[in-house]
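Enquirer: From TrEMBL, for reference:
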{"type": "ACT_SITE", "residues": "A:P2", "note": "active site, schiff-base intermediate with DNA"}
{"type": "ACT_SITE", "residues": "A:E3", "note": "active site, proton donor"}
{"type": "ACT_SITE", "residues": "A:K58", "note": "active site, proton donor"}
{"type": "ACT_SITE", "residues": "A:R260", "note": "active site, proton donor"}
{"type": "BINDING", "residues": "A:H91, A:R109, A:R151", "note": "DNA binding site"}
{"type": "DOMAIN", "residues": "A:2-112", "note": "domain 'Formamidopyrimidine-DNA glycosylase catalytic'"}
{"type": "DOMAIN", "residues": "A:236-270", "note": "domain 'FPG-type'"}
Amino acid sequence: MPELPEVEVTRMGIAPALVGRTVSAVSLRAPALRYPLPAALARHLKGKTLAGIARRGKYLLLDFGTGTVLLHLGMSGTLRLLPPRTPAGKHDHVDLVFDDLMLRLNDPRRFGALLWIEGDPNAHALIKDLGMEPLARSFTAKALHRRLTGRSAAIKLAIMDAHVVVGVGNIYASEALFRAGIAPRTPAGKVSLARLERLVTAIKETLRSAIRAGGSTLRDFFGCDGDPGHFQLEHRVYGREGEACRRCGTKIRQIRQGQRSTYYCPKCQR
DNA sequence: CTGGTCACCTGGAAGC
DNA sequence: TGCTTCCAGGTGACCA
């Protein structure tokens, strides 16, 4: 159930074990994920060496030189490193075998994706229109301000829009707005530059600390009992409806925005 | 372009 | 116990 930190921790967990290694076998199991699985994947990958794993937003890009495996974990996807020939359980959709080590994709809800891309992956339809990387230097209040000027949508929905900034999911959107002291329903275009400074800082800090917290779970990528998607920091507002605000004691409220739950402190966030 | 809604899927928890 | 309902960390497609 990954937001950007979970995806980045997954990348950090699997890359050292797999980069530089060669694919010996591929297993695909029905049914399809968000898109049909590429039937020719084994033909494309067998004998190919993994040159690197990059992340763009919540997508993982496995670079095999002649092409790229594009991976998205959706709402419920996880990747694990297992001994080859580990029996496949329910929702184990794809195995990439690297001789004595296997990368397995499990995704119960099947909102995830695995695609084979030839050519520049950044030109792919799913990638090319993505917004700013929140951890990049170029993600600044000024840049965000430029992007949000004139927009009437709620600030919470705006920072969750992957065409504006990638990787801020439903949990971290609420958490970042709390840290920045901004009410989630404020029209995005009406948030001042000064307050966007606080928001950009809050987004970077929230994501960075979650990645740091996830670092302690990296060993969980090995072995069948691993559960690497489920680390998380103590939330300040998310999931705490009716509980006391950690800063001022006011009861945390829950509302619906775009059919998703938003949590906020009515006193700390204006 | 923008904003709003729906759809895609399974499973766990809560309610009766 | 068993059935029903609601909810879940994402995002592309579609509409006005």
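Using N, Cα and C of the backbone, Cβ positions are placed for all residues, glycine too.
Note that the coordinates shown come from a computational prediction; the quantities given were computed from them, not determined experimentally.
Could you tell me the structural context for the features on the list?
Expert: Its own atom aside, the Cβ of A:P2 (active site, schiff-base intermediate with DNA) has 25 Cβ atoms within 10 angstroms in the protein chains shown. DSSP gives A:P2 (active site, schiff-base intermediate with DNA) a coil state; it is part of no helix or strand.
Of all Cβ atoms in the protein chains displayed, 21 besides its own lie within 10 Å of the Cβ of A:E3 (active site, proton donor).
The C-beta environment of A:K58 (active site, proton donor), restricted to residues of the same chain at least 6 apart in sequence and closer than 8 Å, consists of A:P2, A:E3, A:L4, A:V7, A:H72, A:L73, A:V166, A:G167, A:G169.
According to DSSP, A:R260 (active site, proton donor) is assigned to a strand segment. Long-range neighbours of A:R260 (active site, proton donor) (same chain, six or more residues apart, CB within less than 8 Å of its CB): A:M160, A:N170.
Sequence-distant contacts of A:R151 (DNA binding site), defined by Cβ-Cβ distance under 8 angstroms and a gap of at least six in the same chain, are A:A158, A:P187, A:A188, A:G189.
If you average pLDDT over the domain 'FPG-type' (A:236-270) in this model, you get 96.
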Enquirer: Determine which residues of the chain contact the domain 'FPG-type' (A:236-270) at the Cβ level, with the cut-off under 8 Å and only residues 6 or more beyond its ends counted.
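Expert: Long-range Cβ neighbours of the domain 'FPG-type' (A:236-270): 154, 156-157, 160, 170-171, 173-175, 177-179, 181-185.
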Enquirer: Which secondary structure state does DSSP assign to A:R109 (DNA binding site), in the simple three-class scheme?
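Expert: Going by the DSSP assignment, A:R109 (DNA binding site) belongs to neither helix nor strand, so it counts as coil.
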Enquirer: In Å, how long is the longest CA to CA span across A:H91, A:R109, A:R151, which the record gives as the DNA binders?
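Expert: Spelled out: the longest distance between any two Cα atoms in A:H91, A:R109, A:R151 is 40 Å.
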